[in-house]
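Asks: Sharing a structure, written as structure tokens. Questions coming.
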Amino acid sequence: MAHRWQNDLTHRDITPESLFWNRRKILAGMGGVGLGAIGGGLAQAQEAELDPNTWEEVTSYCNFYEFGTGKTDPASYAGQMTTSPWEVEIDGMVDNPGTYGFDQILSEMTLEERIYRFRCVEAWSMVIPWQGFELADLLNLAGVQEGAKYVAFETLLRPDEMPGTRYPVLDWPYREGLRLDEAMNPLTIMATGIFGKPLPNQNGAPLRLVVPWKYGFKSIKSVVKITLTDQEPPTSWNMANAREYGFYSNVNPEVDHPRWSQASERRIGGGLFSRRQPTLMFNGYEAEVASLYEGLDLTKNF
Ligand code: MTE
């Protein structure tokens, strides 16, 4: 059998052929995104009534502390971040560790539209039409090894392009993590776009995690590293204040933040008439994800 160096391998090499040929290819370049159907009818009925926020709201009211702590700082300063070329290192307990180019990843993935509720831990929310692919598809390409239990993520850290990282607001780089079963859940996506356009920098270009049943800070932006591990990984907000920000951070109207209630949320938009509305258990995705937490005390494991 011919021997090949690891870095000669492409996904065509590491993907079982049947799987490879079954993948619907997406249009490279992202100009016109070739959208697949919404995945498997999952949560489809539930999402049908969702009324998305506007482009203006989603792209101007942001949290991306690498560019400052103000809601409009990301829109003002994230333009300086170089997003092409972009590489994602996948390492740890995987069969195919390596550095994968963003375009290479895109060429292997099926993009879908997912309209999700997005609930920030600060008790505001939006409805966002994302485009992206299931994280499980990427992890399957990398080949998750037996014994891996968690997935850790890191954001780009480039202080000359990210003015907020010159201050010790968080222990940079921004880090997040999921249990492997959470990462593999079909609702968990890596988003590459919103409203059918490539992700604006302030929303986490070119590739960010979206975990719709968890508080927004779990949805880490501008990902450059994904590590499979058997240990619960350290995460930025939990390291900053473990009493206020748990590892799980599932949206839960019954478990308040120590400094405010999580029972309701302010839906961004609508100006003066912006409504407060009840927060839903698991942000409305209970049917899809509650089984992940059977037997777990959600008050302790918040
Ligand atoms: N990712 C990084 N790298 N840095 C951040 O400051 N903020 C988080 C999350 N991901 C953040 C991040 C928080 S608190 C929220 S609510 C969402 O991004 C906001 O996403 P949006 O600005 O696209 O709505």
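Backbone N, Cα and C atoms are what each Cβ position is placed from, and that goes for glycine too.
Automatic prediction, not curation, is the source of TrEMBL annotations.
Pasting the feature list from TrEMBL:
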BINDING   TYR65, GLU66, CYS120, THR155, ASN203, ARG208, SER219, ILE220, LYS221  Mo-molybdopterin binding site
DOMAIN    82-237  domain 'Oxidoreductase molybdopterin-binding'
Asks: Max Cα distance spanning TYR65, GLU66, CYS120, THR155, ASN203, ARG208, SER219, ILE220, LYS221 (Mo-molybdopterin binders), Å?
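Replies: Output for Mo-molybdopterin binders TYR65, GLU66, CYS120, THR155, ASN203, ARG208, SER219, ILE220, LYS221: max Cα distance 18 Å.
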Asks: In sequence order, what residues of the same chain, 6+ apart, have a Cβ less than 8 Å from the Cβ of ASN203 (Mo-molybdopterin binding site)?
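Replies: Within the chain, ASN203 (Mo-molybdopterin binding site) has Cβ neighbours under 8 Å at VAL58, THR59, CYS62, PHE64, PRO74, ILE194, LYS221.
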Asks: Which of TYR65, CYS120, SER219, LYS221 (the binding-site residues) has the most other Cβ atoms within 10 Å?
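Replies: Per the Cβ count, the most surrounded site is LYS221.
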Asks: Please classify the secondary structure at ASN203 (Mo-molybdopterin binding site) using three-state DSSP.
Replies: helix
Asks: Look up TYR65 (Mo-molybdopterin binding site) in the DSSP assignment and report helix, strand or coil.
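Replies: SS state of TYR65 (Mo-molybdopterin binding site) = helix.
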